[in-house]
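Features of the protein shown, as given by Swiss-Prot:
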ACT_SITE  HIS218  active site, charge relay system
ACT_SITE  ASP248  active site, charge relay system
ACT_SITE  SER326  active site, charge relay system
DISULFID  CYS40-CYS66  disulfide bond
DISULFID  CYS44-CYS68  disulfide bond
DISULFID  CYS49-CYS69  disulfide bond
DISULFID  CYS55-CYS72  disulfide bond
DISULFID  CYS80-CYS94  disulfide bond
DISULFID  CYS88-CYS106  disulfide bond
DISULFID  CYS108-CYS127  disulfide bond
DISULFID  CYS116-CYS152  disulfide bond
DOMAIN    36-109  domain 'IGFBP N-terminal'
DOMAIN    88-154  domain 'Kazal-like'
DOMAIN    383-474  domain 'PDZ'
REGION    202-362  region 'Serine protease'
SIGNAL    1-31  signal peptide
Amino acid sequence: MIRPQLRTAGLGRCLLPGLLLLLVPVLWAGAEKLHTQPSCPAVCQPTRCPALPTCALGTTPVFDLCRCCRVCPAAEREVCGGAQGQPCAPGLQCLQPLRPGFPSTCGCPTLGGAVCGSDRRTYPSMCALRAENRAARRLGKVPAVPVQWGNCGDTGTRSAGPLRRNYNFIAAVVEKVAPSVVHVQLWGRLLHGSRLVPVYSGSGFIVSEDGLIITNAHVVRNQQWIEVVLQNGARYEAVVKDIDLKLDLAVIKIESNAELPVLMLGRSSDLRAGEFVVALGSPFSLQNTATAGIVSTKQRGGKELGMKDSDMDYVQIDATINYGNSGGPLVNLDGDVIGVNSLRVTDGISFAIPSDRVRQFLAEYHEHQMKGKAFSNKKYLGLQMLSLTVPLSEELKMHYPDFPDVSSGVYVCKVVEGTAAQSSGLRDHDVIVNINGKPITTTTDVVKALDSDSLSMAVLRGKDNLLLTVIPETIN
């Protein structure tokens, strides 16, 4: 009686491995089907797609794996990919199974950091927050809004990712240069007034530890109190030490017992067209505003711009020079000054005084100091101007439809506030064509006319012909 039972048990032991061997191919075939890529049509025909499905609350249809029809996405821990699987919901990733023979399922990406929600909870990842939000919407609860990367208790900033860390070279230059960039504020008294009011502002940068600052000549002028504000908020009174109206450069000086950050002059002759540059300054009285661009040409000759007596080549850039940015440094990616922001004509066309001329200007100033010579009094109008040429006139007509139909003269780029030019009625975009009965074709003609105590200017403004009288200021 016992022997048949033994035979049956033995038969079972023999049959079990065989059955398992038969089942494994079936399971493997099913898993293979799940991992096999879907068979996509050669041409997508949306008209043959099934009707747009109604998905679970909180999810919207997405394109299928063939990128043709819209289907409901797979939720967390649901099967994804393969011939039968679906694409995962936004924020989820189709994860490979831990063991062979099992399908891929949707889950949170392995990469990513903690995130703080508006419910003041710290979630392990953005994906985890979104998963809980989907569940909250299904239950009619309020979903959390991601408010910051990192834990909710963190007060510091998130560490830079690889792209920001490796390619954020502009920010590195600004951080290096900004402490040496200063805000130059001019104060003056209004007519019949005794109270000092701000009348003009510009920029500059420190070039020596004893407080020498380079800026534009049109930024500083006579009978004004000049205030310099450093990046750390320290304020100093400044005095003009030297000025060159032809170069549009000035040296001013502050007295400070603190150690001042200094910028080094690079060589503008080493610049290359297409090289990245950064223009820093304080437009609209804002500290350390930066604009970036490239060098359009490193030698835009003064004669090309219509300055017949000019032997200086300007650095043309496409970085924007805003109001108040004048006098700030133009730096390369090493943080060396390769120019002084000077002139903006139109969007994408700005000019800087090359650092090689700034170096020459400082050498001449040093020589004057060694010989005990003070610079002589000079006349000042308060204009940023450019000789008008045919190409420049055509460019200006494209930007300003009411620009006068003229191809020669001197174009007024900017009238400095509180100056003789502004008091006379001159405006931005005016064209000066005659002074004291003599035709004006270059900026040099305007500078030569400053020998007169009074200037009678013929000006074109749109379709109007104006006659203005300007009394130049004397810079002491």
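Every residue gets a Cβ built from N, Cα and C, even glycine.
Sequence features annotated in Swiss-Prot and their locations in the structure.
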residue : record                           : Cβ contacts under 8 Å, 6 or more apart
CYS40   : disulfide bond                   : LEU65, CYS66, CYS68
CYS44   : disulfide bond                   : CYS66, ARG67, CYS68
CYS49   : disulfide bond                   : CYS68, CYS69, ARG70
CYS72   : disulfide bond                   : PRO53, CYS55, ALA56, THR59, PRO61, VAL62, GLN86
CYS80   : disulfide bond                   : ALA74, GLN86, PRO87, CYS88, CYS94, PRO103, SER104, THR105, CYS106
CYS152  : disulfide bond                   : CYS116, GLY117, ARG120, ARG121, THR122
ASP248  : active site, charge relay system : ASN216, ALA217, HIS218, SER342, ILE353, GLN384
Please identify, from the disulfide-bonded residues CYS66, CYS88, the residue with the sparsest Cβ neighbourhood, meaning fewest other Cβ atoms within 10 angstroms.
CYS66
Helix-strand-coil residue split for the domain 'Kazal-like' (88-154), DSSP-based:
13 helix, 16 strand, 38 coil
Could you round the CA separation between CYS127 (disulfide bond) and SER326 (active site, charge relay system) to a whole angstrom and send it over?
48
Measuring Cα to Cα, how far is CYS108 (disulfide bond) from SER326 (active site, charge relay system) in Å?
51
CYS44 (disulfide bond) -> DSSP, reduced to three states, gives coil
Local confidence of the domain 'IGFBP N-terminal' (36-109) - pLDDT mean:
80
Return the residues near SER326 (active site, charge relay system), defined as same-chain residues 6+ apart in sequence whose C-beta is under 8 angstroms from its C-beta, sorted by sequence, else 'none'.
GLY202, SER203, THR215, ASN216, HIS218, VAL219, GLY281, ASN341, SER342, LEU343, GLN384
Sort out for me which one of CYS69, CYS108 has the most neighbouring CB atoms within 10 A, since those are the disulfide-bonded residues we care about.
CYS108
When the number of other CB atoms within 10 A of each residue's CB is tallied over all shown chains, which of the disulfide-bonded residues CYS106, CYS116 has the maximum?
CYS106
Residues in the domain 'PDZ' (383-474) grouped by DSSP into helix, strand and remaining coil
22 helix, 34 strand, 36 coil
